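Novice: The following block contains the structure, expressed as structure tokens.
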């Protein structure tokens with residue numbers, strides 16, 4: 001209920017009532033900072049979960065002292081024996097794969113990137129680039145851990161990709177094996193293929209085939225996103241080039257003087273350079289948030305959100321013409337209705353000046 005009340009706060013324009021200490025408000029700064037801290041833990045889980053599965057020496061081993069209260073029994077049921085071997089086996093059997101279920105938490109990171117991309121305080125370009133970089137690094141790390149997992153779970157170590165090149169690699173450090181796995185993973189992802197490391201058994205060959213298929217999809221995704229970002233960033237440049245070309249062709253076709261051509265080019269360049277600044281100035285001149293709707297109603301522009309109600313209300317939708325026909329006979333009610341749209345004394349003068357500026361711009365563009 002707290003989340004719904006906070007979501008409706010911006011629509012009604014008033015803050016929700018104070019909540020109790022036992023209610024978690026998702027819009028408080030403390031909750032947001034805690035959520036950001038959880039994102040850091042999610043990133044650590046994304047790195048540690050595959051790494052602990054592939055390298056047993058990297059996982060921390062806790063000391064647990066157990067004193068059995070009963071006697072040692074001989075289990076003869078097949079289901080009990082199977083369950084015991086799954087839980088207490090050398091590599092914990094299938095239970096080790098359940099550690100990868102923590103990767104489901106990555107959806108929180110995906111939601112974070114989706115929220116940051118919509119935030120105007122952050123650059124959309126750098127946000128997308130960081131997201132693509134994180135996806136690439138996670139793919140490299142996950143593939144390297146799978147390669148290591150296949151090596152340590154294969155019976156004949158000499159018939160693995162690292163055992164055929166480096167003898168007694170099990171005695172080497174954890175980071176040495178991980179570095180070799182990342183090296184092979186990144187050479188496979190980059191389609192370099194030096195040939196020093198290669199698959200030597202059927203399992204490694206099958207995984208290499210699946211990894212290359214995933215590599216083609218990931219490469220297409222990255223290239224498509226980067227192309228979209230480059231086109232988005234260079235769209236204004238291409239518009240300016242088209243404008244310069246159009247002005248040059250227009251001047252040559254109509255045999256305009258060189259001075260007039262330079263003035264037209266300078267005017268166009270000034271418009272593109274000050275486009276962002278003029279947009280900010282236009283927003284400042286509009287003033288309060290409700291004035292936008294008032295201007296739209298005065299110019300008979302349909303508004304998508306015209307009514308907001310806090311209680312059960314019956315709303316009748318009529319056109320601008322029918323409203324004038326209903327208000328004109330009742331002068332007192334008409335003054336009250338239209339006074340809601342005109343909040344300042346200079347508003348009518350501002351609309352008249354806006355109309356004059358619109359006519360001047362239309363005349364200049366029609367003359368050109």
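Every residue, even glycine, has its Cβ placed from backbone N, Cα and C.
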Novice: Labelled intramembrane segment by Swiss-Prot, one stretch among 160-179, 180-199, 240-259. Can you tell me which?
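Specialist: That would be 180-199, the stretch labelled intramembrane segment in Swiss-Prot.
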Novice: Would you mind telling me which of 55-75, 76-96, 97-117 Swiss-Prot tags as transmembrane segment?
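Specialist: Checking Swiss-Prot against the ranges 55-75, 76-96, 97-117, the transmembrane segment one is 97-117.
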Novice: With Swiss-Prot as the source, which of 132-152, 279-299 is set down as transmembrane segment?
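Specialist: Based on what Swiss-Prot states, transmembrane segment spans 132-152.
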Novice: Give the number of CB atoms, excluding that of residue 330 (nucleoside 3',5'-cyclic phosphate binding site) itself, located within 10 Å of its CB.
Specialist: 11
Novice: Given the binding-site residues 240, 270, which one is most crowded in terms of C-beta atoms within 10 angstroms?
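Specialist: Output for this query is 240.
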Novice: With a cut-off of 8 Å between Cβ atoms, can you find at least three pairs linking the transmembrane segment (33-53) to the transmembrane segment (206-226)? Only pairs 6 or more residues apart in sequence count.
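Specialist: Judged by the Cβ rule, the two regions do not touch, with the required three close pairs absent.
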Novice: Near the transmembrane segment (97-117), which same-chain residues lie under 8 Å Cβ to Cβ, leaving out any that are not at least 6 residues past its ends?
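Specialist: For the transmembrane segment (97-117), the sequence-distant neighbours (Cβ-Cβ under 8 Å, at least 6 residues beyond its ends) are 35, 38-39, 42-43, 45-46, 49-50, 52-53, 124, 127-128, 131, 134.
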